[in-house]
Every structure is written in C-alpha cells, then in structure tokens.
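The structure under discussion appears below in the form of structure tokens.
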Amino acid sequence: MANSAPKVAEAERFETDRAISLKAKDIANLIKHSKHFIVFTGAGISTSAGIPDFRGPDGVWTLRKQKRDAPSKATSTLQAIPTPTHMALVKLQNRGLLKYLVSQNCDGLHRKSGIAPEMISELHGNSNREYCRDCGKEYIRDFRAVAPYTKTVTDHRTGRKCSMLGCNGVLLDTIINFGECLFEQPLKLAREHGKKADFCLVLGSSLTVPPACTIPEIAGKSKRGKLGICNLQSTPLDHLVDGESMRVFARTDDLMIAVMGHLGLEIPQFVLRRQLTVKVVMGERDRNQVILQGVDVDGTPSTFLKSVRLEGSRRPAVTEPFTLSFRMDGQEELRLKLELEFMGNYLEPNVEIVHSTQCSERLYLLEYSPYTREWQVVGKDY
C-alpha cells in the first residue's frame with residue numbers, strides 16, 4: 001500500500017496539445033488496423049471523475065507515506081460519472097475495435113459505463129460486486145459491497161447471504177488486498193488476451209503492481225505485439241513501447257478525445273442503464289403476487305432499488321426480490337401501477353411503471369440521464 005509509493009512522487013509531465021494530437025493519430029491508426037486490440041487501465045483514468053489515484057503527487061499512497069490526509073473533496077465511487085476515457089472505450093467496444101479490457105480499478109466505473117461483463121477482467125475486484133462462497137453466484141450492487149475488515153483484511157465476508165433457492169451461503173466481496181492472490185479466471189483471460197494482442201494500450205497506470213503489470217509486458221515483449229503507454233509519470237515498461245509516438249505523457253481523457261477524433265468516432269454521453277424483471281404469479285383464492293428483481297445484462301442479480309410501492313397497498317416492499325400481493329376481485333385484467341424508488345447515487349427520481357396482469361413476465365429497460373435527471377422506460381417481452 002503506502003510502502004509501495006515513494007515519499008516524494010515523481011513530477012507529472014504534460015505534453016503539448018500538438019504533441020498529443022500527433023501521437024493520437026499514430027495510436028488511432030494502430031487501433032484501426034489491429035486485429036486484436038486490448039486496453040489496460042489504472043487509477044489515472046478515473047481522476048477526472050474525482051477519484052484520486054495512488055502514486056501521483058496527491059495520490060492516496062503518496063499522501064499516506066507523507067502522513068498527510070487524503071483530500072476531502074474526493075468523489076464517492078458510487079456517485080462518480082464515467083469519464084470521457086471510460087466512454088471512449090465503450091464506443092470502441094461497441095464498434096468491435098476493442099477486443100478486451102484489463103483493469104486494475106475497483107471503482108466499478110467500467111461496468112457502469114457499459115463495458116460488457118465478458119469483455120473485461122477486473123483483476124483487483126469491483127467494490128460493487130460480491131459473490132457466494134458456496135455456489136459462486138454473483139451480485140451487482142448500487143452500494144459498496146465491501147467487507148468491513150474489522151478483524152483482518154483477509155476476512156471478505158460482507159454480512160449478507162446468498163438469495164439463491166436452497167443456498168443461503170455467505171457472500172464475499174471481490175476486492176484483492178495487498179498480498180492476496182488474484183482470482184484465477186480473470187487473470188487467465190487477461191494473460192490469454194495479452195498473448196493474442198497485436199496492440200496493447202495502457203491508460204493511467206504506473207505499471208508497478210504485479211502480477212497485473214505483467215499483462216502489458218506480455219504484449220510489449222511479443223514479436224507481433226505493439227505497446228503504447230499514456231501516463232503522467234514514467235513506468236518500468238517505458239522501454240518496451242513501440243517508438244516515441246507510443247509513449248504519451250498526458251491525461252488519458254486528453255489522449256482519448258484526440259484518438260477518437262482521428263478515428264472519426266463520437267464519444268457517447270454516459271447513460272445509467274438498468275434492467276428490471278416483473279413477474280406475475282396468480283395464486284389460489286385470489287392470492288396473487290407481483291415480483292420484481294433487478295438484473296444485469298448477463299442475468300446477474302443487480303441491486304439498484306430501495307423500495308417498490310404498488311398503488312393501493314399499505315406498505316412498500318423493501319427487500320429483494322420485491323414481492324407485493326394483490327387481488328383481482330373477479331376482473332380479467334389489472335394494470336398494476338408500481339412506483340420504483342432508487343438508491344439515489346445520481347439523484348434519480350422515482351419512476352412509475354404500469355404492468356398488466358395478462359403479461360406473466362416482462363423485462364423493463366430503464367435508462368437514466370444524470371444530466372437531465374430523466375428516465376426512459378421500455379418494456380420487452382420474453
């Protein structure tokens with residue numbers, strides 16, 4: 001942790017806008033013509049979102065080494081908005097140019113920005129993701145799903161239990177603390193893509209933490225691979241970059257905005273996307289239920305609601321899956337008005353969905369703009 005950072009951080013270097021643009025043109029050309037382009041990201045890509053890095057002049061470990069307090073103005077990872085770098089990577093993924101993403105970051109912004117679960121190895125974990133020790137089921141949360149570490153940093157129990165039928169196993173966070181082994185599957189995938197890469201671009205990493213830093217090294221030492229690095233300080237792998245134009249001293253946003261300009265691609269604005277399943281279960285003696293559950297794009301349970309209120313009911317449902325009872329009273333159809341209350345990390349207002357009892361199950365796609373504070377809801381039949 002703090003011991004891994006120098007007491008006096010290396011000075012950051014900033015190249016001119018012209019130099020950045022010229023290097024961005026070469027990088028864009030490599031991206032365009034590569035067959036297996038991968039990206040490796042570190043804390044530097046999230047600093048413009050208000051999340052401090054670790055080894056910069058005001059980095060978390062640097063300040064701790066100097067026995068100084070971290071800046072109080074730091075943004076919570078739950079409220080941070082993905083940066084232009086994050087969104088540029090989403091665009092490159094969606095256009096088929098980015099083949100894989102390897103990240104050291106635990107802030108969850110890559111997944112939140114729209115990077116598909118199968119497209120990323122989060123080598124050091126995700127502070128919004130926990131999993132069952134017994135059955136392995138994962139859960140995505142709109143709150144910090146991190147253990148309190150009251151006894152030891154190796155005790156990863158979050159205090160919650162698995163909700164899978166018949167399991168009730170202990171849930172663990174996914175954070176890798178110093179001295180712990182990385183999860184095998186993400187590391188294996190990262191190494192495989194490192195070997196396949198004909199171009200690896202490092203964004204915002206000091207490349208000093210093994211074994212994560214060995215992924216760009218694999219690409220840099222490969223005969224067919226090329227390595228590019230964008231970081232404000234020097235790294236131990238600078239000697240492996242493919243020429244001077246592949247070593248950029250700049251903020252990652254400045255580089256990626258220039259790269260996307262040379263590619264002729266627009267960086268999309270961040271939209272918070274959520275999915276909700278609504279299921280109607282008709283019971284005997286008119287004892288019916290409507291059940292709501294958040295899900296991620298890969299079907300992983302996702303917690304983003306505080307409560308659900310059914311019009312006409314006395315109390316809202318406040319635990320997942322959100323289950324509310326209703327009666328038909330002889331009617332052929334009811335239109336259930338369901339008010340959704342969110343966690344509010346982005347000041348999301350409540351939204352109402354109307355679900356017909358004639359539809360046994362439906363997936364609702366919820367899209368929220370933190371800039372306009374408006375929701376868009378689309379129902380999708382199974």
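Positions of Cβ are set from backbone N, Cα and C atoms, glycine also.
As recorded in TrEMBL:
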type: ACT_SITE; residues: H124; note: active site, proton acceptor
type: BINDING; residues: C132, C135, C162, C167; note: Zn(2+) binding site
type: DOMAIN; residues: 17-266; note: domain 'Deacetylase sirtuin-type'
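Shown on the structure are the features that TrEMBL records.
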residue: H124; record: active site, proton acceptor; Cβ contacts under 8 Å, 6 or more apart: S103, Q104, N105, C106, I175, I176, L182, A212
residue: C132; record: Zn(2+) binding site; Cβ contacts under 8 Å, 6 or more apart: E138, C162, M164, C167, G169, V170, L171, L172
residue: C135; record: Zn(2+) binding site; Cβ contacts under 8 Å, 6 or more apart: C162, M164, C167, G169
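Considering only the binding-site residues C162, C167, the Cβ with the fewest other Cβ atoms within 10 Å is that of C167.
Per-residue pLDDT, averaged over the domain 'Deacetylase sirtuin-type' (17-266), rounds to 91. Highlighted in sequence order, R133, D134, G136, K137, K161, S163, M164, N168, G169, L171 have their Cβ within 8 Å of the centre of the Cβ atoms of C132, C135, C162, C167, the residues recorded for Zn(2+), and are not part of that set.
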